[in-house]
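According to Swiss-Prot, the protein carries these features:
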type     : residues : note
DOMAIN   : 5-92     : domain 'Acylphosphatase-like'
ACT_SITE : 20       : active site
ACT_SITE : 38       : active site
(Lines of atoms letter the chains of each structure in order from A and count residues from 1; the text may use other names and numbers.)
(Lines give C-alpha, C1' and ligand atoms only; values in the text may rest on other atoms or scores of the structure.)
Protein backbone atom coordinates (compact mmCIF):
# COMPACT_ATOMS: atom_id res chain seq x y z
CA UNK A 1 0.00 0.00 0.00
CA UNK A 2 1.15 3.54 -0.71
CA UNK A 3 2.69 5.76 1.94
CA UNK A 4 1.32 9.28 2.36
CA UNK A 5 2.30 12.33 4.37
CA UNK A 6 -0.30 14.82 5.59
CA UNK A 7 -0.03 18.07 7.54
CA UNK A 8 -3.10 18.73 9.68
CA UNK A 9 -3.98 21.90 11.56
CA UNK A 10 -6.38 21.29 14.42
CA UNK A 11 -8.42 24.17 15.89
CA UNK A 12 -10.62 24.26 18.98
CA UNK A 13 -9.84 23.31 22.57
CA UNK A 14 -6.68 21.40 21.72
CA UNK A 15 -3.97 22.87 23.94
CA UNK A 16 -3.63 22.08 27.64
CA UNK A 17 -5.81 18.97 27.37
CA UNK A 18 -3.24 16.29 26.45
CA UNK A 19 -4.08 16.46 22.75
CA UNK A 20 -0.50 16.05 21.48
CA UNK A 21 0.25 13.12 23.79
CA UNK A 22 -3.00 11.32 22.96
CA UNK A 23 -2.34 11.89 19.26
CA UNK A 24 1.14 10.43 19.71
CA UNK A 25 -0.28 7.29 21.38
CA UNK A 26 -2.91 6.89 18.66
CA UNK A 27 -0.36 7.40 15.88
CA UNK A 28 2.10 4.89 17.33
CA UNK A 29 -0.70 2.32 17.74
CA UNK A 30 -1.49 2.77 14.02
CA UNK A 31 2.15 2.62 12.93
CA UNK A 32 2.15 6.28 11.86
CA UNK A 33 5.24 8.45 12.28
CA UNK A 34 5.60 12.24 12.35
CA UNK A 35 5.02 14.84 15.03
CA UNK A 36 2.54 17.06 16.87
CA UNK A 37 3.28 20.55 18.13
CA UNK A 38 1.41 23.47 19.64
CA UNK A 39 1.18 26.59 17.48
CA UNK A 40 1.15 30.18 18.70
CA UNK A 41 -2.44 30.70 17.50
CA UNK A 42 -3.78 28.00 19.88
CA UNK A 43 -3.99 25.26 17.26
CA UNK A 44 -2.01 22.03 17.02
CA UNK A 45 -0.03 21.03 13.93
CA UNK A 46 0.13 17.30 13.23
CA UNK A 47 2.34 15.85 10.51
CA UNK A 48 1.55 12.19 9.85
CA UNK A 49 3.45 9.76 7.60
CA UNK A 50 2.53 6.16 6.95
CA UNK A 51 0.26 3.78 5.10
CA UNK A 52 -2.67 5.70 3.62
CA UNK A 53 -5.29 3.76 5.60
CA UNK A 54 -3.45 4.32 8.90
CA UNK A 55 -3.03 8.06 8.27
CA UNK A 56 -6.73 8.30 7.35
CA UNK A 57 -7.66 6.50 10.59
CA UNK A 58 -5.57 8.98 12.59
CA UNK A 59 -7.25 11.93 10.83
CA UNK A 60 -10.68 10.42 11.54
CA UNK A 61 -9.77 10.00 15.23
CA UNK A 62 -8.75 13.67 15.32
CA UNK A 63 -11.99 14.73 13.54
CA UNK A 64 -14.00 12.84 16.16
CA UNK A 65 -12.49 15.09 18.83
CA UNK A 66 -9.33 13.35 19.96
CA UNK A 67 -8.93 12.80 23.70
CA UNK A 68 -11.44 13.48 26.44
CA UNK A 69 -11.39 17.17 27.33
CA UNK A 70 -10.51 18.27 23.80
CA UNK A 71 -12.93 19.81 21.34
CA UNK A 72 -12.07 19.92 17.65
CA UNK A 73 -13.88 22.75 15.88
CA UNK A 74 -11.96 22.63 12.60
CA UNK A 75 -9.44 20.33 10.94
CA UNK A 76 -7.53 21.50 7.88
CA UNK A 77 -5.33 19.03 6.02
CA UNK A 78 -2.91 19.38 3.15
CA UNK A 79 -0.31 17.20 1.47
CA UNK A 80 3.15 17.39 3.04
CA UNK A 81 6.43 16.37 1.40
CA UNK A 82 6.87 12.64 2.04
CA UNK A 83 9.25 12.52 4.96
CA UNK A 84 9.98 9.20 6.65
CA UNK A 85 10.23 9.89 10.39
CA UNK A 86 11.74 7.42 12.86
CA UNK A 87 8.80 7.63 15.26
CA UNK A 88 5.99 9.99 16.25
CA UNK A 89 7.31 12.81 18.43
CA UNK A 90 6.02 15.74 20.41
CA UNK A 91 7.72 18.91 19.21
CA UNK A 92 8.06 22.06 21.28
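Every residue, even glycine, has its Cβ placed from backbone N, Cα and C.
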- prompt: Can you tell me how the residues of the domain 'Acylphosphatase-like' (5-92) break down into helix, strand and coil by DSSP?
  reply: 24 helix, 36 strand, 28 coil
- request: Note down the number of other Cβ atoms within 10 Å of the Cβ of residue 20 (active site), including every protein chain shown.
  value: 25
Query: Other than its own, how many Cβ atoms are within 10 Å of the Cβ belonging to residue 38 (active site)?
result: 17
Task: Restricting to the domain 'Acylphosphatase-like' (5-92), report the mean pLDDT as a whole number.
output: 97
- line: The rounded CA-CA distance in Å from residue 20 (active site) to residue 38 (active site) is 8
